[in-house]
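The following features are taken from TrEMBL:
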{"type": "DOMAIN", "residues": "25-146", "note": "domain 'Bulb-type lectin'"}
{"type": "DOMAIN", "residues": "285-321", "note": "domain 'EGF-like'"}
{"type": "DOMAIN", "residues": "340-421", "note": "domain 'Apple'"}
{"type": "SIGNAL", "residues": "1-23", "note": "signal peptide"}
Amino acid sequence: MNTLWSIMSYGICVASLCLKVSAVTDTINTSQFLRDGETIVSSEGSFELGFFSPGRSRNRYLGIWYKNIPVPTVVWVANRENPVTDLSGILSINNSGAIVISNRTSHVIWSANSVQKAQNPLLQILESGNLVLRNRNGNSDIYLWQSFDNPSDTLLPGMKLGWDLRTNLNRQLTSWKSPDDPSPGELSNGIKLSEYPEPVIWKGTTEYFRGGPWNGLRITGAPEQKINPVFSFKFISNQDEVYYMYQLLKKSVITRIVLNETSSSRDRYVWVESENSWRLYGSLPRDYCDNYGLCGANGICVMTGSPVCQCLRGFKPKSAQRWNSMDWSNGCIRNEPLDCTRKHDFVKFSGLKLPDTTHTWLNRNMNMKECREACLKNCSCMAYTNSDIRGRGSGCALWFGDLIDIRQFSDGGQDLYIRMPSSQQSICLSFWSRIC
Ligand SMILES: *[C@@H]1O[C@H](CO)[C@@H](O)[C@H](O)[C@H]1NC(C)=O
Ligand SMILES: *[C@@H]1O[C@H](CO)[C@@H](O)[C@H](O)[C@H]1NC(C)=O
Ligand SMILES: *[C@@H]1O[C@H](CO)[C@@H](O)[C@H](O)[C@H]1NC(C)=O
Ligand SMILES: *[C@@H]1O[C@H](CO)[C@@H](O)[C@H](O)[C@H]1NC(C)=O
Ligand SMILES: *[C@@H]1O[C@H](CO)[C@@H](O)[C@H](O)[C@H]1NC(C)=O
């Protein structure tokens, strides 16, 4: 790795017309090129852009890595699927706002285009690790293109994970195929849109881990996500945008989230100066119960249970035989089918990861009483809860059809009110209680 990494320090200038990019700059303009071996560095020296070879590969990729730490850590790759096979790669931008990587024979290896009309554009590597294209004159916060809108496998502080609904832009992370190959692997992470959107990790096209919807404080599937001194996080969901983002509280901290193909996980690392290494801070999925839909429809996963899968109270295995052989995929059905002509009530379940939100309805202004009534009015409504648990709680989320991917947390879970025939109504607060 080290020898290949050091290849970057060679500067090869083939064309005689070239203006060399000076080492101290953070920008490239339309009359400059960035050759393999040259780099640009963000203003305070946090990030560097240049060509590199990953792992044992000899292929060359344009990427961004930390400049201020000694462990080579690439956070973004431009030409993930189209490497330059020798050291002839050249990065340039042109007057119409195209960013182009070409090789010795001037073949375009990779390009990205400005969405708006460019006027004397500049390509700049920012302190945040964002590579941006902007007009030289004009608002420096308006970007014609930015690498943050085209993530690789890493989510840096300030990056949006999710959707700009106005332009239909969907920002997702995708893992590298291997440490030697940055082309997109199996694992991806983004926001699943619905009335009540939530972050999801996919393996191929299959949902693999579900974060749960945002409850005003955190993602409901991550109760350990607490206020901490290192970073803050937020989830924005309105008619224009739906995204997750975290931000640093202390500028000196270096942290990143990365998807790992090998371990099939989404890992947060924090740089530990005294150890000169990355420390794993948290990893998703955490445990067996984090496997999406493990217990099937209307099942609930309890890590301390034996077996981990149980049917929600008021439900029984759809196939007792399969259930008893620990194949829970068929899930659970009601002990007594819901008869819409009869009276119904709700049973409160506590400490949960809220079910899959694909079939939900949301109203941010309703209170609990109105929410309950709204659910009662529609016989296919199975459950409701506050969409925002801050203070005394507000908003209304309704679930329709089967309840999928519920788990029990020992701490920090949420309440969910599940519809039951009136006869089964009870004062149970938790599903496993023997008193019920
Ligand atoms: C690009 O930057 C170089 C070095 O600062 C400068 O000499 C050149 O005039 C610039 N070109 C344009 C088109 O701005
Ligand atoms: C800039 O590059 C893009 C992509 O290669 C090309 O389509 C476009 O015509 C170029 N514009 C100019 C002004 O050279
Ligand atoms: C440049 O790229 C083209 C297209 O990928 C390829 O056919 C050609 O062999 C490359 N040239 C060199 C010198 O690598
Ligand atoms: C993935 O995890 C393995 C260990 O499980 C580690 O060696 C490797 O560096 C990780 N890759 C990334 C991209 O973090
Ligand atoms: C019940 O809710 C579902 C899902 O939102 C909807 O498709 C259906 O029309 C509703 N039924 C009634 C009677 O309102």
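Each residue, glycine too, has its Cβ placed from N, Cα and C.
In the domain 'EGF-like' (285-321), the DSSP tally of helix, strand and coil residues is 5 helix, 9 strand, 23 coil. Beyond its flanks by at least six residues, the domain 'EGF-like' (285-321) meets 201, 206-210, 221, 265, 328-336, 347, 349, 352, 356, 402-408, 410, 418, 420, 424, 428, 431-432, 436 of its own chain at Cβ-Cβ distances under 8 Å. Per-class residue totals from DSSP over the domain 'Apple' (340-421), listed helix then strand then coil: 10 helix, 37 strand, 35 coil. On the 0 to 100 pLDDT scale, the domain 'EGF-like' (285-321) averages 95 in this prediction. DSSP labels the residues of the domain 'Bulb-type lectin' (25-146) in these numbers: 0 helix, 53 strand, 69 coil.
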